[in-house]
Structure formats: structure tokens, C-alpha cells
Amino acid sequence: MKLMIGKEKSYKFYENTGEKPEDKDLYDQGLYKQIGKPPPAPPPTDINLEKAKEPSNIAQIKQPATSSTDNKKKDDIKSVLNTEVSKTKATPLLVASKMGIVEMVTEILKKFPIAIQDTDSDEKNILLLAVEHRQTAVYNWLIGQKYPECVFYHVDKQENNAVHLAASFQKHDLWRIPGTALQLQGERKWYKYVKHTLPKQSYVRYNKKGQTPREIFRETHAMLLKEGTEWLVTTSNSFSVVAALIATVAFATASAVPGGADDYGRPYLESQPAFSVFSISSLVSLCFSVTALVFFLAILTSRCQHSDFEKDLPRKLLLGLTSLFASITAILVSFCAAHFFVLQDKLRKAAFPIYGVTCIPVVFFAFNQFPLYVDLIRSYVQQLPLRSYKVFYTESSGASSSDQKKEGKEKDD
């Protein structure tokens, strides 16, 4: 990697003036020689402006003939320079920041510290690109370094700062968490993280369109909010039906006493260990099923705003799923304990494999919902979600691939 950085031609033309790297072809073309060096003195002030406007008669006669041609030549040269420089805007540092390669960013800035001033064609520096593409590792490394404040206060052509770009929604799923609801949670956490790690002056700023970062977040995440709300409502409806059925069965089981009771209401089988297991498990199942039902109903009656997806709704869904799994396990234990009284002593040992087979559907259900449960815990506990590095194809590449498939089918026909 160090050898690649050393051979990169873009960084061989840095000067102490702090200018950005230019392409070597521009020097070979001799365009800079035609423009000439910058003037040694600054432009005239307002006091000397009137004196500068009083040239001699000879100068007044010669000026109209030469100024127009010189200005045209300079404009043509500047246009050529701008087009050539725009081709070299994507410097290795900016590409490494966009792709999230922290090691490359570290080595480039260690060897060429002036590269921190690199900007692309949209005038986005390394910090803005890291924030826009959700490169958490590069961003955390940058805020840990002692760079000038201009790096963190930098704005692009649209006058968007880092918080504006953190609030804007990217089309692809950049977080390693499934589901639109958790994607919205990841976007919300990233926006709040960038907002709190930068100075206050950065998130009260307006861009060219007169928008604040909060307005951009609400506008660009409207569709994601709608899809996340629909998924959350559908999931809560399904789980609430299951929780209600378990609560009904658990209530009927808890009110029934296996073996009957005497005139004083004492169960005849209370001295057996299986009876204690039955009574405790049925009560636990009833309590957890009702708790799960309450959490799912709380989700259904929620406002489902952007701020709710950060902590409130994931916490309710996580607690609801935990209570539901606990109630399902408890109702199975109470069923096995109640059935244990029916069997004779010789058949009780043979009933344990049957009880294990009975739990297989519940185990499959748990394994099916376990990834969602783990993702909920991970997204709720982590300060920032993990960045996904999937490869996304653009529309042009997708169109070309589809054209190639069509051509292949025509050849086969």
C-alpha cells in the first residue's frame, strides 16, 4: 500500500502553497506558461482605483485592440484548465474515504498532510464523503485527529455541511441490519451521532434551499418511515394474536387443578413435585403472555414518528418478543407437567421423548424468529450499527447486463 501511494502521480505536484494536485498533462501542454505568473501586488484598493482609471492617451488607444483578444485567450485557457482539473478531482484520498479504507487514508495523510484539502467536483472534502457514504470507521478516525476547524466546517456546492449529508437518505441499505424499521433506526442513530460529535454551529445552518438538517431528514426518510411503520404494524398484529391465544390457554390451565381438591380447596396432588412445576409454569405463561400482548398493543397505538424508531419502538418490540417466547416455553412446560399425572409409573419414563418431540415445532418457530431477535438486541445496544459493504449496481450496468442477457437468448434461439 505504501508503494502504491508513493507511485501515485497526483501527489507529486503538491507545493507548499496548499494548492490541490494537478495532472501532469497540464504542465506538458504549457498552458500555465501562457497564463503567466500571478501579479506580485494585490489589486488596487478603492483609494487608488480612480488613479488606475486614468491611463494615458496612448494606453486608451491601444487598450481596446488588445484587451478583448487577451481576455478571450485567458478565458479559453481557463476553461481548458477547469475541464482538465475536473477530471482529476477524484483523488486517491477521496476514493479511500468514500470506500471506507481507513489504512489508506492514514498513510496518505501521513505522507501528504496537505491532501486534507482535497475536494471533488461537488466540493466535498474527505469528511463530507465519509459522512455521506456512512463510513463510520473513517469518520471516527477523522474526529479523533487534530485537524483545523475548516475541515469540519466545510460545505459543498449546495452549502450542505456534514450534518446535512448525515440527514440525507441513501438509496441503498448501507447498514448491516435487515428490515426497513431497523434501517430507519440506523439512519437516525447516524444522524444523531454526527450531530453530537460536531460543533453546534454545524446543525443550525441552512443550505442553499433554505433547509436545516432536521427538515432534510424528515423529507428524505418519509418513504422509509412509511414502510417501517407498515412492517411494524403487521408484525405486531401477528404476534399479538399469538399472545392472546396463549393468554387464553394459560388462564384456563391456571384455573384448573389436576387431580381435584378437597373440601377446603387443597389439591390432592400438591405434595408431588410435578404439581409445583405445573402451577408455577402456568402462572408464568399467563403473566408473560399478557405482558407481550400489552407491548404489542402499545406498538399499534404508537405515533410512529422518526424519533420513536430510535429507542422506543425497538425496545417495545424486543420486550414483546422476549415475553412471547417466555410464555410459549412456560405453556409447554405446564402442559407436560399436567400430562405427567395422567400416565402410570411404568410409562412416565417413556413419555420424556414424546415431550421432546412435542417441543420441535416451537423450536423451529424460535429458530425462525431468532435472527430478528438478535438483530433487535444488537441494534438497540450498539451506539452505531455495523456498516454493510455489499456491491450495488447502477442503472447503466443493470441495463447493460440485461441487454447482454437478451442478446444471449437471441443467439440461443
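Each residue, glycine too, has its Cβ placed from N, Cα and C.
What TrEMBL records for 1-27 is compositional bias 'Basic and acidic residues'.
What TrEMBL records for 57-69 is compositional bias 'Polar residues'.
What TrEMBL records for 230-341 is domain 'PGG'.
What TrEMBL records for 1-74 is region 'Disordered'.
If one looks beyond the transmembrane segment (231-254) by at least 6 residues along the same chain, the residues whose Cβ comes under 8 Å of a Cβ in the stretch are 179-181, 279, 282-283, 285-286, 289-290, 292-293, 296-297, 299-300, 304, 313, 317, 320-321, 323-324, 327-328, 330-331, 334-335, 338. Per TrEMBL, transmembrane segment is recorded for 231-254 (among others).
Remote same-chain residues near the transmembrane segment (274-297) are listed as 236-237, 239-240, 243-244, 246-247, 249-251, 253-254, 258-259, 267, 316-317, 319-321, 323-324, 326-328, 330-331, 333-334, 337-338, 340-341 (criterion: CB distance under 8 Å, separation of at least six residues from the stretch ends). Annotation source TrEMBL lists transmembrane segment at 274-297 (among others).
Taken from TrEMBL, the feature transmembrane segment applies to 317-342 (among others).
Look at TrEMBL and you will find 354-374 (among others) tagged as transmembrane segment.
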Counts of helix, strand and coil residues, the domain 'PGG' (230-341), according to DSSP: 86 helix, 2 strand, 24 coil
